[in-house]
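Participant: Let me begin by handing over the structure; questions about it come next.
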Amino acid sequence: MLPVHTEVKPNPLQDANLCSRVFFWWLNPLFKTGHKRRLEEDDMFSVLPEDRSKHLGEELQRYWDKELLRAKKDSRKPSLTKAIIKCYWKSYLILGIFTLIEEGTRVVQPLFLGKIIEYFEKYDPDDSVALHTAYGYAAVLSMCTLILAILHHLYFYHVQCAGMRLRVAMCHMIYRKALRLSNSAMGKTTTGQIVNLLSNDVNKFDQVTIFLHFLWAGPLQAIAVTVLLWVEIGISCLAGLAVLVILLPLQSCIGKLFSSLRSKTAAFTDARIRTMNEVITGMRIIKMYAWEKSFADLIANLRKKEISKILGSSYLRGMNMASFFIANKVILFVTFTSYVLLGNEITASHVFVAMTLYGAVRLTVTLFFPSAIERGSEAIVSIRRIKNFLLLDELPQRKAHVPSDGKAIVHVQDFTAFWDKALDSPTLQGLSFIARPGELLAVVGPVGAGKSSLLSAVLGELPPASGLVSVHGRIAYVSQQPWVFSGTVRSNILFGKKYEKERYEKVIKACALKKDLQLLEDGDLTVIGDRGATLSGGQKARVNLARAVYQDADIYLLDDPLSAVDAEVGKHLFQLCICQALHEKITILVTHQLQYLKAASHILILKDGEMVQKGTYTEFLKSGVDFGSLLKKENEEAEPSTAPGTPTLRKRTFSEASIWSQQSSRPSLKDGAPEGQDAENTQAVQPEESRSEGRIGFKAYKNYFSAGASWFFIIFLVLLNMVGQVFYVLQDWWLSHWANKQGALNNTRNANGNITETLDLSWYLGIYAGLTAVTVLFGIARSLLVFYILVNASQTLHNRMFESILKAPVLFFDRNPIGRILNRFSKDIGHMDDLLPLTFLDFIQTLLLVVSVIAVAAAVIPWILIPLVPLSVVFLVLRRYFLETSRDVKRLESTTRSPVFSHLSSSLQGLWTIRAYKAEERCQELFDAHQDLHSEAWFLFLTTSRWFAVRLDAICAIFVIVVAFGSLVLAKTLNAGQVGLALSYALTLMGMFQWSVRQSAEVENMMISVERVIEYTDLEKEAPWECKKRPPPGWPHEGVIVFDNVNFTYSLDGPLVLKHLTALIKSREKVGIVGRTGAGKSSLISALFRLSEPEGKIWIDKILTTEIGLHDLRKKMSIIPQEPVLFTGTMRKNLDPFNEHTDEELWRALEEVQLKEAIEDLPGKMDTELAESGSNFSVGQRQLVCLARAILKNNRILIIDEATANVDPRTDELIQQKIREKFAQCTVLTIAHRLNTIIDSDKIMVLDSGRLKEYDEPYVLLQNPESLFYKMVQQLGKGEAAALTETAKQVYFRRNYPDITFTSPAVMNTSNGQPSALTIFETAL
C-alpha cells in the first residue's frame, strides 16, 4: 500500500529562531501562498518527529501496558488516567510557568491603573513630579499589556499541541486494539461505537488540556486578588468574594449535571450513528423494499431522544455563559453597596481598581476554572469509554509456525468450541482432521452447519474450548462475503506485496479477471468505490481470490468463493485456480457446488457443528448406497414434512462473514502499486470530497437561522441583545458618575469647610440596583434564547439532510464512501449540536462588549477616534489576509479527517482477512499515515490561529498605550471617573478583542459544517415516491412485464449496462436470467425498480412504470436480494416495519421458511433485538428471512437476485420449493449462477454485455448446440449436463403436452452408469 501522500515539505518550525517562534513569523510564507491561491495538501508541512502517530501511540501504549501489569499485581482495576498522567505530566507541568507569570501580571496591572486614576483625583497642573511619575505608571501598564499579549498565545499554542498529542496517541491505541479484538469482544461493541470513540470522544482531549492548569491557578489568583482588594477597599471586598464563592459550587454542580447529560447524549448519538450506518449501507435494499418511511421514523425517534438531552445540556451551558458575563456586575454591586452602607465614600480609583481586579479574577474563576471542571468531567467520561474498549478481550497472538522440514500442515484433533459460552450447544464439536500440502479438503453441509466456523477455528478466530488446532505455514483466507477496500483493483490484489508483472498476470488469468479488467475504464488501476461499488458481486469474489493466490501462502482457506460466480467462471476458477495454481498447497474449500467434490482429496460433511462423515469421493460411492433413488424419494417426501436439513439459528455471537459485512465506511486509501513502479503508479481517482471555496455565503447563515426560528423571533433576539448591552454599560457609567459627583462634593466641602452637604444615597443605590437587575435578566434571557434557536436549527437541518439522503438516487451511495456520508451525520451534526451554538453565543457577547468599549472610550476622549481609524484598517486587512489561509486550512482539516474513519471501518470489515494475512502492522502504518496527514492540517490550524491572535493583541496593546498616554496629555479636560472608565474598558479589550475576532473566524469555520449539511439537503432527488397518477388498488393483477427497447445506465456519463432490451414476460411466467458476471442481470432488476431512470419503456399490466410513484411501483414487487440485509432492531421490525401483519401471519411466514424453531429459541422470540446487521444469523439464514419478507408481501411479481448463491443445496431446494408453492400464481424472475435452480423455468433469458442474446424455453435452447445456454450447461460436466437436460425435457413435455404421460429414467450419468455428483451430499445427511 502506498504512502498517503508523497511530497512532504519540511517543517519550518524546526529551524525557526526564538523571535520567530514567539511571533510565529515562520508561518509568513504559508500566508503568502494562501493569499495567492487555494492551499492544497502539498502545501502542508510535515508533522514534527515528536508528533508522529507511531511515536506517540507506542509511547502511551507502553505506559498503559505497565499500568495493566501493575493493576494485575495489585488486584485492582487498571486506570487509563494514571497511564496518561505518567506519560505526560512532566511536559505538561512545565507549561504551568506560563500560566503563573501571565496570571501574576494580570493581578498587578490594576494597581498601576489605580495610580494613574489617583493622579487625576489629586490633579495639580503645576506638579511636574506627579506627572512624570504618572508617565512611569503608564509605561509599566503598557509593558504589562505587551507581556500578556505574548505569553497568552505561547501558552495556548503549547497546551493545544499537548492535547493534539494525547488525541493522536489515543487514536493509535484504539485502532491497534480494534485490530486485535476477539470475536466475543466484537459482540460487545459495534463499528458505530468505535467510530464515535474516534470522532467524538478523543476530541475532548484537545479541549481539556487548555484549561487544566486553571484548576490551581484559579484559587491562587483569587487569594492574591483578595489581599489586594482588602488593602484597597477593606472588609467590603469580602461581600464580593462571597458571591464568587457561591458561584463556584453552583458551577461545579452545573458541570456534574452537564457531564451526566453528555454521557446520556453520547449513548443516543452512538445509537443514531450506528443506525445511520446501517441505513446508508443497506440503502439499495431499503429503496427496493420502499422502507424509507419506516427508517425515517426510526431515525427521527432516535434523534428526538438525543436532541432533548442536547437541549438540556445546552441550557446548562447557556447559564454558565451568562454567569460569566453577569458575575462581574453582581460582584461589583454587592461590594460597593456594602462599602457605601458601611459609611465609606466612593472614589474613582477605588471603583476602577476593584472593577479591574474583579475582572482579572472573574475571567479565571468564572470562565477558565468552570471550563476546566466541565472539560475535565467530559474527558473523564471519554476516558472511561475508551478504557472499557481497551479492556475488551483480545485474540491470542498466533505466530505462523513453519516447521523445521519446511512442510506445512493443518492438524485438528477433538476440537470443540463455542462462539457464545452462554449457549449450551457448541458451534463445533469433536472435529478431527489432518490436511497436508497438495491436498484439497472440501467441507460441505447445510446452512448453519459450522462450515465458516471451521475455517475460523483454523484461522485462530474461534478459540478452542477443548482439543487442539495446530497450523504450520502461512495462511491466505478468502471470506464468504468478499472484502475490498477503496483503492485500485491492483492494490486490492497486491495487498502490500511487491508488484511482479509475470506472477501478477498469471494470477489474473487463473482468477478469470482478464476480461473484466479489460472492460473497466482504467483496467486494474480503476479505483474501487466504497464497499466495491464499481464491481459486481462475482468480480469482488474473484478479486478476493486473486489477493489470496498472489500472496503465495502455504495454506488456503476458501469460504465458498464459487457461489458468487456463474457456472462457466466457477468451472474456470476451480480448474485453473484451485486445482492448478494451488495444487501444491493445502486448500480447505467450503462449498455448496457438489459437482466439484470429485476433485477433492477428502470430503468433510458437517451438520449442526459435528462431523457426520469424512472420506474420499470414491469411499462415499463404494458405500453402496443407491444415491439416485434415495435422492428422488427424499425430494418427493420432503414436501409435507420438515426437511432434515432444517437450518437452526447458528449458535454463536458473531462470524466474520456477517459481523462487519454490512458495516460502516470503507476507506479512501490512496494506494496503488508499490514504490519504484512508476508506470504502475498512475491510477484513476475516486471522486474527491467537494470542498467549497471562498467565503461562507450569506445564504448559509440565512438557511441556518431560518431553520431555527421564524424571522420575527430572530429580530426579537437581535433587539434583546442590543438593549441588554446598553444596560450593561449604563451600570458601569452610573458608578463612574456617582464617584465623580462624590469627588466634586468632597472638593466643594474642602473648599468651603461645609461638612453637612451629602449625596442622596437611596437615589444612587436605587438606580444602581435597578440597572444591575435588568442586566442580569437580559443576560440570562439572551443566552437561553440563542441556544434554543441554534439547537433547533441543528435538529431541523439534520432532518432535512436525512430526508434528502433517503430521496437521493442509488448512484449517490455508489459514488460517495460511507465514511464521507457518515462524517456529515456524526462530525458535522456534532459540531452544530454542541460547539457552534456555544461559539456563536460567545461571539455575540464578546462582539457587543468590544463595540461598547470603543463607544465608551470615544465618548470620553473623542480624539481617540483618530488612531482608531488606522488601527481598524490594519485589523480589517489582517483579518481578510488571515481568513484567506485559515478557511483552506480548516477545510483541509475536515477532508483529511474522513480517511481516518474510512480506514478504521474498512479494517473492521476485513478484520479476519487482515489477521489471516498478518497485515495488522501494515494497516497500522497506514492508519498512522492517515493520522499524520490529519495532524499536519491540525497543526497548521492551531498555529495559524495563534499567528493571527498575537497580531490582534498587538493592535489592542497599541490602543491601550494610546488611551493611557493620551489621557495624561489631556489631563486638564478630563475627570478621574472618565479616565477610569475609558482605561478599565480598554484593558478588558486586551484578550476580549482578539477572542471576539477569533470567535468570528471560528463561527465562520464551523459554518463549514452547516454548509456541508445544507449541501446534502439539496441533493439530486430520484422521482417522487407518490404521484397524482396512482395505479388501481389491485394492481398488478396479472404480473405481465413488457420491456420495450430499454437502455439503462447508472449515471448520465456512465456506460450503457443494458442495450436495446425488448422482451415480454407473461402473467405467472417463471423466467430464469443467466449470463456471465457483469452481463447486466442485476442491472435488469435495477431498471425494473427504477434505481436509476431507464430509457425506453417498461410496462407492468399495461401501466408505464415511469408514470407512477416509486413507492407505488416498488411496494408491488417483492425481491430476495443478492446480499441479504438485516437491520439492528427486532425480528418483527425486520419482517414487518410498518406493522401491517398480525403475529400469526409473521409466525406462519417464519414456519414456511423453517426459521420458526430458531426464532422461538431466542430469549425474546420475535422481539429479541438482533445484533448489528443481524450478524448473529448465518448468511443462509438471513436469506431465508428475506424469503419470509417476500411471502408476507404476497405480491404478483417476485424477483430473486442470486438469492441461493450462499446456501447449501438442501436450503436451496427448500427455497425453490417454497417459491414454487407460494408463488405459483406470480410472475417470478430469477437471476441464478446455479443452473439447476432455473432449469425448470418457463423461459430462460440469456444476457451478454447488456444485450438480450437468447430468450426461450430451456429445453428449446438446449436443443441448439450453438446457443450460449447450451454451452453454459455443458461446462458443468457430462453428468450434471445430462441431469439438467433431462429435467428441462420433463418440464417442457409436461407444459406443452400435458396429455402425454412422460416417464424418464433415474437421473443418471449414463456415460458411466453413476449417479450425478449432485446427489452425494443429500444422502450423506
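Yeah, the Cβs are placed from backbone N, Cα and C, and that goes for glycine too.
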Participant: From the ranges 93-113, 282-302, 933-953, grab the one Swiss-Prot calls transmembrane segment.
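Facilitator: Range annotated as transmembrane segment by Swiss-Prot: 93-113.
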Participant: Just how many other Cβ atoms lie inside 10 Å of the Cβ on LYS1081 (ATP binding site)?
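Facilitator: The answer is 26 other Cβ atoms.
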Participant: For LYS451 (ATP binding site), which DSSP three-state class applies?
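Facilitator: Note: LYS451 (ATP binding site) is helical by DSSP.
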Participant: Neighbour count, 10 Å Cβ-Cβ cut-off, for GLY1075 (ATP binding site): what number do you get?
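Facilitator: The Cβ of GLY1075 (ATP binding site) has 26 Cβ neighbours within 10 Å.
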Participant: Translate the DSSP assignment of LYS1081 (ATP binding site) into the three-state scheme.
Facilitator: helix
Participant: For THR1077 (ATP binding site), which residues of its chain lie six or more apart in sequence with Cβ-Cβ distance below 8 Å?
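Facilitator: Set apart from THR1077 (ATP binding site) by at least 6 residues yet with Cβ under 8 Å, we have ASP516, SER536, GLY537, GLY538, GLN539, ARG542, VAL565, ASP566, VAL569.
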Participant: In the three-state scheme derived from DSSP, which category covers GLY1075 (ATP binding site)?
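Facilitator: Where GLY1075 (ATP binding site) sits, the three-state DSSP reduction gives coil.
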Participant: Could you check the binding-site residues VAL447, ALA449 and say which one's CB has the fewest neighbouring CB atoms inside 10 Å?
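Facilitator: The binding-site residues VAL447, ALA449 were compared, and VAL447 has the fewest Cβ atoms within 10 Å.
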